Amino acid sequence: MPKDNERGGASKALYITFFFTGLGYLFPFNVLVSDIDFLKESYPSLNLEFIISIAYNIPCVFVLLLLVKFGDRLSFSGRIYTAFGVDLAVLAALAGLRFISISPPLLLWSTVAASIVTGCAAAVVDGTLFGLASKFPSSCVQAVMAAIPLSGTVTGLQKIIIKLVIVSINGGEGEVSEATVETETQLNSRIYFIVSCAMVIVSIVAYSLLRRQREAKAVLNRCNVKAPIQYSVNRRENQALLNDENDPADSKDSRTSESETPHGSLVPGRESFSTASAAHVRAKRRRWAVFKKIWVHGFTVFLSYMIALAVYPGLVSSMKPNDPSFEGWYPIILLTLVQVSDMAGRYLPLLKIPRKVISFNWISAIVRVAFIPLMILCVKPRIFGEVVAIVLVIVSSMSLGFVSTLSMGAAPSLVDEAEEEIAGTLMSFCLNAGLVVGSLIGLGIEAYLIGHV
């Protein structure tokens, strides 16, 4: 892939359209997680954050694996429009349910089902969008990364604003009635889904504008032209490939001219099986070759998000203020700080980062493991006070944004132009795999904290 200085930086229009395209696809997850207050009234003993996170992230990982293998069979636009359409339909249905009275079990299972479906849709957008952005200057990957935490920031700020309004209506009293709390929860829930639907529509419009950009048109047209796949008509050569006797780069079938196999057609009869098998082996080798080039950055992103989900939201929301009367506000402010700091960190890679710093970015990811025990000590046993807790939340979140965005943007520069989409999708897979493992670690940490209360 050409380096950014060889192909020029992304235009402002291209950057903005990538940003707003990436804005909407994580809104469903943030809304579902933020809306658990609506369910906690009926299911106070359930770990709803963990249930929704697992229901969302596990299908996401499997869909990304399918994208790595079969994604290039569908166009970028087909994948993105379909996934956003699914998101919009699910969110609209859930928004409607919030305006009618339904039984708690139906509400719970509809939320879990929505988590699974939107997780699959998010995986399609995630892998496709990073695959597409990887074909442009690294600032386009940064634009997508910067948009991701904005959804969490919006939902956090919304909670703060609505709480301020409720307190104001209550005459500034710290304590509010159960009816007022229920009103606040219902209002938050309804606004969450309405805003989320609006943001998904914004992303659809943004992608439509992205497709019209001159640079994007050229890339999309190039990707939509499928070059004929050329294989040797000689069964012995194809079998040699299957037996690992020839290197794919040097094998004769890679040099076979179109005149020898017009339009890449397979030889009928007994030749077809060995030729198709050779194609399968070649595709597997190509994906493995790409992964070997970017695995360090993949590991960096995996570890970064594993640590993030190990402490957020469970451990962060368990932190308590020194003043008990501030307990209603403290977790909301901390969780909003996580999103704001994360978003700020994702803009740092726009600075000129030396190439040596980027190549050793994995060390930063390993150092970040220290945040887990440090933040546990802000809860049980509580050695650090609220000031240290706030500093740790800000630094850990900002470092997550910086480290992950740096590696997500750097990985595509290590592969050839034809491999950029695979590289982007593989990096997205590493990111989401880190989320799943981090969620499981977070559950273990929560069990430890409950056992030491």
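Each residue, glycine too, has its Cβ placed from N, Cα and C.
Over in TrEMBL, the protein carries these features:
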type	residues	note
COMPBIAS	249-261	compositional bias 'Basic and acidic residues'
REGION	240-270	region 'Disordered'
TRANSMEM	12-30	transmembrane segment
TRANSMEM	50-68	transmembrane segment
TRANSMEM	80-100	transmembrane segment
TRANSMEM	106-132	transmembrane segment
TRANSMEM	144-169	transmembrane segment
TRANSMEM	189-210	transmembrane segment
TRANSMEM	294-316	transmembrane segment
TRANSMEM	357-377	transmembrane segment
TRANSMEM	383-408	transmembrane segment
TRANSMEM	429-450	transmembrane segment
Looking only at the recorded stretches 357-377, 383-408, 429-450, which one has the largest tally of CB-CB distances under 8 Å to the transmembrane segment (50-68)?
429-450
The transmembrane segment (144-169) versus listed stretches 106-132, 189-210, 294-316, 383-408, 429-450: most Cβ pairs under 8 Å:
189-210
Listed stretch, out of 12-30, 189-210, 294-316, 357-377, 383-408, that has the most CB pairs under 8 angstroms to the transmembrane segment (429-450):
294-316
Go through 12-30, 106-132, 294-316, 357-377, 383-408 and flag the stretch with the largest number of C-beta pairs under 8 Å relative to the transmembrane segment (189-210).
12-30
Most CB pairs under 8 Å with the transmembrane segment (357-377): which of 12-30, 80-100, 106-132, 294-316, 383-408?
294-316
I'm a bit unsure how to read this: which one of 12-30, 80-100, 106-132, 383-408 has the highest number of Cβ pairs shorter than 8 Å with the transmembrane segment (294-316)?
383-408
So if I exclude everything within five residues of the ends of the transmembrane segment (383-408), which remaining residues of that chain have a CB under 8 angstroms from its CBs? That is, six or more out.
130, 141-142, 145-146, 149, 297-298, 300-301, 304-305, 307-308, 311-312, 316, 319-322, 330, 334, 337-349, 353, 358, 361-362, 364-365, 368, 371, 374-375, 377, 427, 431
